[in-house]
Structures are given as C-alpha cells and as structure tokens.
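All remarks here apply to the structure that follows.
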Amino acid sequence: MKRLLVLSVLLAAVFGNENFVGHQVLRISATDEAQVQKVRELEELEHLKLDFWRDPARAGLPIDVRVPFPTIQSVKAFLEYHDISYEIMIEDVQSLLDEEKQQMSAFQARALSTDAFNYATYHTLDEIYEFMDLLVTEHPQLVSKIQIGSTFEGRPINVLKFSTGGTNRPAIWIDTGIHSREWVTQASGVWFAKKITKDYGQEPTLTAILDNMDIFLEIVTNPDGFVYTHKTNRMWRKTRSHTEGSLCVGVDPNRNWDAAFGMPGASSNPCSETYRGKFPNSEVEVKSIVDFVTSHGNIKAFISIHSYSQLLLYPYGYTSEPAPDKEELDQLAKSAVTALTSLHGTKFKYGSIIDTIYQASGSTIDWTYSQGIKYSFTFELRDTGLRGFLLPASQIIPTAEETWLALLTIMDHTVKHPY
C-alpha cells in the first residue's frame, strides 16, 4: 500500500491532479446531540483535512465525511472512543476517480451535433459550452445564449434562454452546478437543454409552458470551480476567488447571497467548505445572477439544482419560521416528488431547508424568495451516499429523466398559478 501511495503521489505531481488514494468516505451515525457535538469538534480540527459531504446537523441524520489516508486511523479512534458508530461508504476514493476518468476517456469524440452528443458521460466546461453553441445554431428560433458575466478567473458565465417570442415575459430560472464537484447536476442540465428543444411542439405540457413563459438555464453556474475539478481537485466545491489575508481559496456560492448573510449556518473561516465570503454577493458568479434576476424583474420560479441526498427543498434555510407560502410550496413539492418517483422509483424527501437538513444562511433560494419569487426550490439529486458526488455516469440519464418530471410539475404549476 505504501508503494502504491508513493507512486500515486508522484503521478499526481506530474499531472497536476490532487490524489485521493486511501481516502475513505465514512458515514457517521450520531444518536444524540452530544455525539453530534463531538463530530462538530472533529470538524474544527483543520489539521485532519476532513471534507464533510453531509454536515453534522442533528441526531438521526447521516453524516458523511471524506477522510484522508494519513488521518483515517485517528478519526476512527476518536469515533470509537466516543462510542459513535460509523461505516465505510467508499473504501478508496481514488479507485472511483480512476473509473470515472477511464469512462470519460472512452467517450472523447467531439460531437458535431446535439443529436450526436453523448449525454451518458461527464463533460468538461469546453465541451458543455460547445454543446450550448450547437444547440443555439440548431434551434435559433427557440434558443439563444446570454453571457450574464465573467468569473473571477475571466471565464464567460453563459445562460441559455428558451423563448417563443415577446419581451420580458414571465420566466423560470434553472441553474445546475453551483457547487462544482456535483457533476451529475451539470450533466443533467445538458440533458434538460436538449429535452426542451426535442419536446417543444411535441409534448403538450412543455409546449404550454414555453408558449406562456421563457426558461433560463444556467448549466455551469460555477465555471472556475468546475474547471478546477477536472484539472486539479475533483472534490472542489467552492469558487476560486482569493480572500485577502488567507491562503485558502474560494467561497461557498450557496452561502454568499444577501439573505440572513452571516447568521448561523455558514462559516466565517476562509478554509471552510461553507465559507460565506466577506460580504453578500462578493462572488461574481452570484452577483451576475442577482443582477440578472433583479433587472429582469419577472422571474416567477427559481430552481437551483445540487447533489446529493435525494431531497426537494424550499425556504427557509436560516430560520424555522414558516415561509408565508409554506402550505402551497409543500403541496407542490409533494406533487413534484411523486412525479419524480413514478419513473424509476427513486425516493425523495421534501420540506423546508432548515427542517429537512440543517440551518443554512445566505442560500440561493432564501434570497430569491425574499425577492418575491414564490416558487423557489432546491433539488438535491441522486444518490443518498453510496457514491455521493462520484455518481457513476450510467446514472446521469436516469437522474435527469426523473428530475425532469419534477421540474415539469413545478413549471406547469407556475404557469397555471400566476401571481
């Protein structure tokens, strides 16, 4: 094992990729608040370099954490000493990354049309942006591309607009990939874009939606982070901005919105995966959406898509006070989840962010809801932790297909219940 580790580290140095040989993902089961607090203490020990995939929220909710090889025994000993049970969900993270790379390398042929594009594999930013351009070229009467800004590192932030005409019509916003390592979301976003062009004029529900509203789809919401996951660190979550006074890079773009910014549910530590940034909208990736939504002024539904955990969430994240539209949002979430489950039997839970998972301040949909966008939802796609952020490419299309049924339900309701 030691020889393998040395070889892997040398290869990583040559190719620039961070190595995860021997890293394990543990599922921790905290049975009471005291055990949850112990895990939180573990989380604060930065020298352990733990990467929490599912945070310690409250007793009874699973906690998933990636543990580097050098600290795995210390972490297990800590848990065992405090009688906190755990199981190994992923034995070796690098082996899954190697499988992922091998699968991607087998499908590297450049598509000359969106029909030839491979929707059952993961793609780079350049490939996704080329796909977007192809889609616009093939469907100029339905699809256009808008650049709403540029990233910290200077990449374009592109959004697809699906419209049957008119100006400033009521609209629906969908974004995927705000957390860069959640690859199944960007892949699903690509599939959604193609699905819209295939179904308009053929499928009555989508046709009625687009005859009444525009759809904006941002497939890669965090381009810098996404490129970094491909070139350097597959597990990168945040943006790539620099924080003055810290060597740690990036901000959690789902804690950077001007909705209870700085309250519990986000971190002030620049090295944390949930670092909120120095001020609201500090990240250009967030500010670009804020400016677009504000200037548009007629967005009626806002749907932000993440992975993993199989959840459909609505406001609030920062307070347990029920949202004014909680009853309607809850019923709509139930209908959307029912539609999703009907295809492949995938089970989703639904509810407000704070009641269903944890307290989160500065989140996307708390801000959009505060701007009067009633139908504000966050999805957490497959799975529930068996593979986590490393979902096999074979699950991309089934994930996108079932999620689309939930999206259709929300969009159809939005059209039929104007406000």
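Cβ coordinates are placed from backbone N, Cα and C, and glycine is handled just like the others.
Just so it is clear, the model here is predicted, and its values are computed rather than measured.
According to Swiss-Prot, the signal peptide annotation covers 1-16, on the basis of similarity to another entry.
Annotation comment: Swiss-Prot describes HIS179, GLU182, HIS306 as Zn(2+) binding site. A coil conformation is recorded for GLU182 (Zn(2+) binding site) in the three-state DSSP classification, outside any helix or strand.
Cβ neighbour count for ARG181 (substrate binding site) (all protein chains, 10 Å cutoff from its Cβ): 23. What Swiss-Prot records for HIS179, SER180, ARG181, GLU182, ARG237, ASN254, ARG255, SER307, TYR308, TYR358 is substrate binding site.
Taken from Swiss-Prot, the feature disulfide bond applies to CYS248-CYS271. Every protein chain shown contributes to the tally, and the Cβ of CYS271 (disulfide bond) ends up with 14 other Cβ atoms within 10 Å.
DSSP gives GLU380 (active site, proton donor/acceptor) a strand state. Counting only residues at least six positions away in the same chain, the Cβ atoms of HIS306, SER307, TYR308, SER309, GLN310, LEU311, LEU312, LEU313 sit under 8 Å from the Cβ of GLU380 (active site, proton donor/acceptor). Residues or ranges marked as active site, proton donor/acceptor in Swiss-Prot (evidence: sequence analysis): GLU380.
The Cβ of CYS248 (disulfide bond) has PRO270, CYS271, TYR275 as same-chain neighbours under 8 Å, each 6 or more residues away in sequence. Rounded to the nearest whole angstrom, the C-alpha distance between GLU182 (Zn(2+) binding site) and ARG237 (substrate binding site) is 8. For the pair formed by ARG255 (substrate binding site) and HIS179 (Zn(2+) binding site), distance between Cα atoms is given as 11 Å, rounded to the nearest Å. Taking CA atoms as the reference points, HIS179 (Zn(2+) binding site) and ARG237 (substrate binding site) are 5 Å apart. Within 10 Å of the Cβ of HIS179 (Zn(2+) binding site) there are 25 other Cβ atoms, across all protein chains. Within 8 A of the CB centroid of the Zn(2+) site residues HIS179, GLU182, HIS306, the other residues of that chain are GLY177, ILE178, SER180, ARG181, THR185, ARG237, ASN254, ILE305, SER307, GLU380, PHE389.
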